[in-house]
Amino acid sequence: TASGKLQRKFLDRFAISMGRGVALGKTYGTLGAASRGATLLQDLLFTEIIFAFDRERVPERAVHARGTGAHGTFLSYEDWSNLTAASFLSAEGKFTPEMTRFSTVSGARGSADTARDVHGFATRFYVDEGNFDIVGNNIPVFFIWDVIIEPTLMALHAQKPNPRFHLPRGQQDPNRISDNLTARGDSLAQGSQISSERGSPKAYSNTEPNKHRSFRLVTDNGKQFQCSNHWQPLQGFIDLGVEEAWRFPEEGEGYVAENLFESIELLTVGDEELEIQSMSFNNDLRERFNSSEVTKSSVVRLVPLITQGKLVFNKNIQMLFNEVIGAMFQPGHIVRGVDFTEDPLLQGRLFSYLDTQLNRHGPNIQQLGFNRPPRAPIHNNNRDGAGEMIDLPPFASFVETQEWGAKDIKQTAVGQNKFDQEHRFSHWKFGVNGFVHTRNDDNVTHARGFFTAPERGQQKKRVAAFDRMFTVVGLSVDGQQANSDQYADFDAAAGKKVAKAIGVEAPKPNSNYFHPTDVFGEHIAASGTKYGVPEGNTKGVLLASVNKPASIAQGAKLQVVASSGDFAEFFISAKQLNMREVTQGIIPLVPVLKLAKLDLGKTFRFQLMQVGNIEELERFGFDLPDLTDKQVDLSAMGMFETTFRPTSRAAQFEQGKTKLVKGLQGKNAFMDRALKQPSNNREKIQRFADRFAVQD
């Protein structure tokens, strides 16, 4: 091969030498006392080689050990200085070099990267001020939301192989992980998503990674926003499929990594767009939706996604050890314009990430090749230690010195030094204690929304995946029953489907939760009754089919529960409307939607939809599509995103880049209105329209 010829050419130019540079010639034997004598201890070449070999392996990562990587470039779509002072987002068209590490979470270094698992996606931006890391996974929620639980769940215990005989090789023991997840209600949302197509992506560049830990963006004038990151693959998400997902761990240990390598070499790799959800710290949504609670995802319709830029992969890694094993990503790597939040998982990981990296590579990990910031000089007070590689000047290793002069570091609220000021946590409203804070004990709503509102055709696929996961991999009968019962908690129909697929007794509906019967859609509740009724300023409608009287009865029950609160004045009695000669029941919860365009068919199913405030509706318009003979999740309609600049409503369409998240074309005015809006992104809107079109 070309690389082999290059290696031989390189070796032919040089004689074998020792680490200190002394050439020894082309000899490959040890020194002996005679032709058949004992090896001599004075053979320092042998000792140097063997000592280095014995120390080649560094401690394996406790999680994310199996990985690969790629280099690329990030392009900022525009100037985002209204949200952050970070320089890589400071100008339209600004390019920033980056590197990304892809991984599985549970498997060992040599395990199959096709195993059903959470998949890591860590990106490092080499920005002007230093290195900025976005560390996340391909699933928007997490198992736990307090870091003290993490070692038991993640590191070496529940998600690892059976400790008795370490099987399955490098993968999870199904009984151990099932036992843990079914005992924890807050793990339900992520557990259900791992069991779906999201647990077995076919290509790393076609996953939908998320930085599920929230963080802060800070502007030059000190304005703060609480944010979360999302990556969106422009080629769409691609999974292995149910059968391949269970066959590949046996046949293709490096399939996903090889797929990434070849796609970059052939220039067919997909790009990823960076999207964020942002809200100010005085936004009342922070009280309704605990954005620091990573077991639940934020509501896109209430906190719209803003597309900030695009990540392009353009170069493969050259050495796995240097660029993947030796690359130290951590959430503590932030730059000016980015800061931390009170997220308990984040706070614990700020300590844990650095601790485990120091354990693996020593105290000078920042001096290793791809950990060094290429655009920013290093002026810290670190000295000596194993692995010291930088020639430091003979300066005093402390700030206050008469010889070199002491600088007056001002504590300012704005400008370059604003991140040093004492009031950086002035938004903190809670006392310090040892109790676990949460504003939302509802652990089933997000799992229900994921399972009952998938893309068309995915629900059967997910049930089939559950069948394989709960039967083929050797899960005990008790474990199968426990999983079936847990799925019944978030949806009675889902529990029955899973139970039937795996051949266990169908669970009874849990009376503590509202169970849809003939509904299809996403239900997200902030915090409320056991029926999942949202509180606060939520607007939405509940639609139920009279073909299923139970759905009308449940809707009425939901309405009664909701109307008993302080906002009962917003609720009106159930109505019957005739649409397309099929009567549907409509129970409005704050009737702000204009139903003039509503055109429903026999198979329309929808549980609860939340939209933004009335101003959002007036600003962007909201027309419903033709859903005749279609099962469509209206939550996929989405809205427009803007840069939310403080300009007039009319100017927002002209200045802010708009983008349609999801839409359905069909015979409706929604897409027509979208395409008529002033926008420099009209081609992208049309592509999305074609992709999500409803076929007659």
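The first residue you see is number 1, and the count goes up from there.
Every residue gets a Cβ built from N, Cα and C, even glycine.
Small disclaimer: the values here were computed from a predicted structure and weren't measured.
Taking Cβ-Cβ distances under 8 Å and a sequence gap of 6 or more within the same chain, the neighbours of H64 (active site) are R101, S103, T104, V105, G120, A122. Residues or ranges marked as active site by Swiss-Prot: H64 (among others).
A 10 Å cutoff on Cβ-Cβ distances gives N137 (active site) a total of 24 other Cβ atoms nearby, all chains included. Positions annotated as active site by Swiss-Prot, on the basis of sequence analysis: N137 (among others).
The feature region 'Disordered' is assigned by Swiss-Prot to 187-211.
Annotation source Swiss-Prot lists compositional bias 'Polar residues' at 189-208.
If you draw a 10 Å sphere around the CB of Y353 (heme binding site), it holds 18 other CB atoms from the protein chains shown. Under the heading heme binding site, Swiss-Prot lists Y353, citing similarity to another entry as support.
Note: the compositional bias 'Polar residues' (189-208) comprises 12 helix, 1 strand, 7 coil (DSSP; helix = H, G, I, strand = E, B).
The two recorded residues N137 (active site) and Y353 (heme binding site) have their Cα atoms spaced 15 Å from each other. In the three-state DSSP assignment, the secondary structure recorded for N137 (active site) is strand.
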